[in-house]
Amino acid sequence: MSPPLVIKNGTVVNEDGMFKADVLVKNGIIVEVSPKIIALPEMEIIDATDRLVIPGGIDPHTHMQMPYAGEVTKDDFLRGTQAAVAGGTTMIIDFCCPDHRNGESLMAGYARWRSWADPKVCCDYGLSVAITQWRPETADQMAVITSPEFGVNSFKFYMAYEGTLMVRDDEMYRAMQECAKLRALARVHAENGSVIKEREIDLLAKGVTGPEGHTQSRPEEIEAEATNRACVLAAQANCPVYIVHVMTKGAAAAISHHRAQGSIVFGEPIAAGLALDGSHYYNEDWLHAARYVMSPPLSRDPTTPELLMKLLAAGELHLTGTDNCTYDGCQKSLGKGNFTKIPNGINGVEDRMSVVWEKGVHSGIIDPMRYVSITSATAAKIFNIYPKKGRIAVGSDADIVIFNPNATRTISAETHHHNLDFNIFEGIKCHGVAEITISRGRIVWANGQLQTVPGSGKFVPLLANSPFVFSSHEIREKKKEPRIVERLE
């Protein structure tokens, strides 16, 4: 157990306020937040003068060590969480994808992910489970895995990757009905996989084989249409829905429309979509272009990143993730001659906190309190771990970042901590640097050096029925009860 720790002279930032205060940590928990805490000899002292003391980031969207199509993502749970803490993130929510098509149950897939993660993680983590096929036993398995014993409160549905991960509309609707019963959140990758497949065939037949084919096979309307459809299906099932990696204006507009109709919809843009655009797919260097291949692709509209940040500021979008899913140059090169074979995925877990500060706070679009909301607090609320996570307060876990808003760093693959030979943010200069990262009261990053211990992070059960998501569910359910007309025979 780490010694007691006192953070002196900093400015505490929560989603609802900023104030000067010291912070005392004992046994991994914040035990006091007040001015001028007296440091005792046995305490470790951190001087946070001119620094912000913020909740550790929560990245709600990662794919560490994920097997897919014969490849495995390069960031395993060790390197991925090392990269996370180096950037100021102290918890990830990773996606577990059971091999449904070979008969693997949700529980068996969950156990496989836990066996990979538990010995390696350097920060806390939770799991979200993908449902890629509906079977007669799926509903029962969903009920089991949302129990406190397993601690899963969300399920992911892919509307893309036909033949592997994609679910049909009827399967997703049936699963959303079960989510509603279990008070579990539906999370959706919104694309039209059937149309994409046909467009891929057409493009290849016309000789389009390079990475530019990836974005051409996925027009922005495809994401907008699927986002709207996911929201419609969720509304019919009375199921709150969370749209992952919102990349385009049309998808964001669909979310805003359904929220205006009273639906419970959350939108998650990612660091890549807030900083980059799709011009990279047309780079003359094949490998450069391939490195940016992800789904949905980056927007071809260069004004989209700023608009997404403004929608975060306005509350029309709600939190930020990364979709950290790393494949190196050799893996990307498997798609030479056929863009559909390029593994989809990019980095982000290390750079999200700086990128969001640069594009949001330093650009004058959001304030530091909104920054905390979209990088940690809202995720903690959605996944039912607030205020244990996502807040600097007595009783909260001591997941804390000493953040220097005035420092700068230039992102580079030469200095990052990913197990990756490139960085999609290469050369971007960011204001806002996580100088010290504290996980459960233990310093894991300081002075530009990792101080991590594999396995020191813990699995955090994510319990169903988050009040932030489901507090109005029963009332909504009653309003949706069918009407029966009594008629004289």
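Backbone N, Cα and C define each Cβ position, glycine as well.
The Zn(2+) 1 binding site feature in Swiss-Prot is assigned to H61, H63, K156, D323; the stated evidence is similarity to another entry. Sequence-distant contacts of H61 (Zn(2+) 1 binding site), defined as residues of its own chain at least six apart whose C-beta falls under 8 angstroms from its C-beta, comprise I93, F95, V244, H245, E268, I270, G321, T322, D323, N324.
In the structure as shown, the Cβ atom of H245 (Zn(2+) 2 binding site) sits within 10 Å of 22 other Cβ atoms. Among the features that Swiss-Prot reports, Zn(2+) 2 binding site is placed at K156, H189, H245, with the record citing similarity to another entry.
Look at Swiss-Prot and you will find Y161, S295, N344 tagged as substrate binding site, backed by similarity to another entry. Classification of S295 (substrate binding site) by DSSP places it in coil, neither helical nor stranded. Long-range Cβ contacts of S295 (substrate binding site) within its own chain (separation 6+, distance under 8 Å): A160, Y161, H189, E191, H214, R218, N344.
The feature N6-carboxylysine is assigned by Swiss-Prot to K156, with similarity to another entry given as support. Annotation note: K156 (Zn(2+) 1 binding site) sits in a strand segment as assigned by DSSP.
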Extra residues within 8 Å (Cβ to Cβ centroid of H61, H63, K156, D323), Zn(2+) 1: T62, D94, F95, S128, H189, V244, H245, G321, N324, C325
Cβ neighbour count (within 10 Å, all chains shown) around Y161 (substrate binding site): 19
For K156 (Zn(2+) 1 binding site), nearby residues of its own chain (Cβ under 8 Å, 6 or more apart in sequence): F95, S128, V129, A130, I131, R187, V188, H189, V244
